[in-house]
Structure formats: structure tokens, C-alpha cells
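In Swiss-Prot this protein carries:
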- Cys103-Cys176: disulfide bond (DISULFID)
- Thr347: phosphothreonine (MOD_RES)
- 1-26: topological domain 'Extracellular' (TOPO_DOM)
- 48-68: topological domain 'Cytoplasmic' (TOPO_DOM)
- 90-105: topological domain 'Extracellular' (TOPO_DOM)
- 127-147: topological domain 'Cytoplasmic' (TOPO_DOM)
- 169-195: topological domain 'Extracellular' (TOPO_DOM)
- 217-232: topological domain 'Cytoplasmic' (TOPO_DOM)
- 254-277: topological domain 'Extracellular' (TOPO_DOM)
- 299-356: topological domain 'Cytoplasmic' (TOPO_DOM)
- 27-47: transmembrane segment (TRANSMEM)
- 69-89: transmembrane segment (TRANSMEM)
- 106-126: transmembrane segment (TRANSMEM)
- 148-168: transmembrane segment (TRANSMEM)
- 196-216: transmembrane segment (TRANSMEM)
- 233-253: transmembrane segment (TRANSMEM)
- 278-298: transmembrane segment (TRANSMEM)
Amino acid sequence: MTTLYSDWATESFEYDESSEACFIGDIVAFGTIFLSIFYSLVFAFGLVGNLLVVCALTSSRKPKSITDIYLLNLALSDLLFVATLPFWTHYVISEQGFHNAVCKLTTALFFIGFFGGIFFITVISIDRYMAIVLAANSINNRTVQHGVTTSLGVWAAAILVAAPQFMFTKQKGNECLGDYPEVLQDIWPVLRNTEANFLGFLLPVLIMSYCYFRIIQTLFSCKNHKKAKAIKLILLVVIVFFLFWTPYNVMIFLETLKLYGFFPNCDMKRDLRLALSVTETVAFSHCCLNPLIYAFAGQKFRRYLRHLSRKCQAVLCGRPVHVSFSPSESQRSRQESIVSSNFTHYTSDGDASLLL
């Protein structure tokens, strides 16, 4: 069994140059059951939720906004991420392992989706900061074309950042893990973990905290009946992200310290490995919540879902598909593309609930 930020294998003992063998067979057995069950659950819920987001956004004829572009790419990142989980489930419960190409490809797609999802969440917070705090100056920059260009840049960054995580991965026997050159064996795992901590958590948290803090300041300075709801939703986003990702990143940091011999005691090593498995599953399940807190909560997105539902009903019933926006919705769409005076949640959406 393996966790993604700890190259520890399926053997029942862990060996250390300065200590005796540490028995971890019971933890390996627990992890085999625990990870396989929860990987399957995360896959099922994450697949359904994010597929709904993609279908709703791509099937609507309504003009897209920069918000829609970012939500679509966030859903695609999460889909890429969860698509690898059945392979990891197979890896956890099977004794045969992967083919080398499958090992490398699965690891690559996993980390690209992993970093892509976090980067798009960060970009969404920056976009909201621009739409609300810098509303007057950002309206010309918040176009669909700008969203597409930014999204391509985010994908490129995700691939670049993910590369150190999978470039040395290969299948060795029954295990899919990092096979580092001798000169990098000591430093590369440390660099991987440090990169994950900084670029995958610390930097995004700092950016999100600053953006949403400034947004809340701006909301307090204006008069709007949706202000209280918007602030609650902002706090929900930050708190949920922090609660789901902090324990896992703490364990990655402790795993790094273990590489330097900070946990020579066998019981501490066992506890660390058990905690890493549990917190990893909690962190990964965040992709199941993204559709709920970033898309489904929005009034505009719920309209997308209603139109998608009508299309599906028409197809199932064998009726012609005629789904169009009513005049009131068309007018509302035009109004949503105008920046409100002092309180703009999205210059192209105007939807307070989308301020998540």
C-alpha cells in the first residue's frame, strides 16, 4: 500500500539504518481496507457532482462568463483527479501492481488534477477579489477570452508543478513509487513534500485569505441585502478548505521531518503512517464538495441545471429538444453582465451565492 506523499510499500516492516525493523503489517492491512473503501466513495460522489457541473455548463446556450470558465476548469481538474482513484483502489487491494506505463500515467494525471484543482480554487478567489474590490478597474479584464487564457496558463502551471511528483515514478515489482537517481535519493522526496506544502497549500491559503479578507471589508462598506449571506459563504469556503487540507499538509510536513530522523520511535512511525492515510482521504474528499460550494449554490448555475434537466426529460420522452431562455431570463442575463454600483459579486454573474 502507498500514500501519495509517502513512498512506503506493502511490506509489513519498515527498515531504518539506525534502528531495528518496525512492524507495520496491521496498519498496512487497515489501510488496504480503509483507502479502498474511501477512494471508491470519493470517486463515485466526485464523478457525479463534477460531471453535472461540466454537463450543465457545456449544454447551456446562455452566453458564458469568466466565472463559468473557471468553474468548468475546476470541475475538469477534479474529474481528472477522481478518474485516477479506481486505479489507486486497484493498486491498494491488488498484489499485482501496475504496468510501468500505467503507473507513470496514473501518477501524472493524479498530480496534474491535484494541483490544477487547488490552483483553480485560488484563481476563483483572485477573480472574485477583482470583481468586488477592484470592480471599476477590472471589468475590461474579466472577459471570457481572459478566462480562457488564464485557464490555459493554470493548466500549464499545474503540469509544471506536478512534474517533480511523477517524473521519477515507475513500477518496481508490485509497487508504483519514486525511483530516484542515487544523487537525488535523499533530497528529492524532501523537495516533493516541500513543493506540495508550499505550492499546494500554504501559498493558496495566503492568497485566498487575503482576497476574501479584502472582499469582506468591501462588503461591510456597502449596503446590500445579500451582504450577510455572501459573508457567510465566504467564511464557509475558507473554513472548509482549511479544515480539509490542513491536517493532510501537516502530515506531509511531519513525513518530511521523518526523513531527517525526527521520529526514530516505532510507535511514532506507526501513528504517522496511520494518520497520513486518514488525512489523505479527508483531503481528497474535498473534490466532492467543490461542485456544492462553488457551483450548485449559485442561482445562475441552478438555472443551468434546470435547463439541463428539461433537455434530459425531452430526450427520454422522445420529444424535440426546445430549451430556450425566457425574456425575463434574457433580460436578467443582460443585467447580470453590468457592474453594480458598489457591490458586485461577479461582474458577469451578479449572483451573490456564487461568491463562494
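Quick reminder: no glycine exception, Cβ is built from N, Cα and C everywhere.
Take the CB of Cys103 (disulfide bond) and look out to 10 A: across all protein chains shown you find 21 other CB atoms. For Cys176 (disulfide bond), the Cβ neighbour count at a 10 Å cut-off comes to 25, with all displayed protein chains included. Where the transmembrane segment (27-47) meets the stretches 69-89, 106-126, 148-168, 196-216, 278-298, the count of C-beta pairs under 8 angstroms peaks at 69-89. Long-range contacts of the topological domain 'Extracellular' (90-105) within the same chain: residues 1-2, 10, 31-32, 35-36, 39, 166, 169-171, 173-176, each at least 6 residues beyond the stretch ends and with a Cβ under 8 Å from a Cβ of the stretch. For the topological domain 'Extracellular' (90-105), residue counts in helix, strand and coil come to 10 helix, 0 strand, 6 coil, using DSSP. For the transmembrane segment (196-216), the partner stretch with the highest count of Cβ pairs under 8 angstroms, out of 148-168, 233-253, 278-298, is 233-253. As a summary of secondary structure, the topological domain 'Cytoplasmic' (48-68) carries 15 helix, 0 strand, 6 coil according to DSSP.
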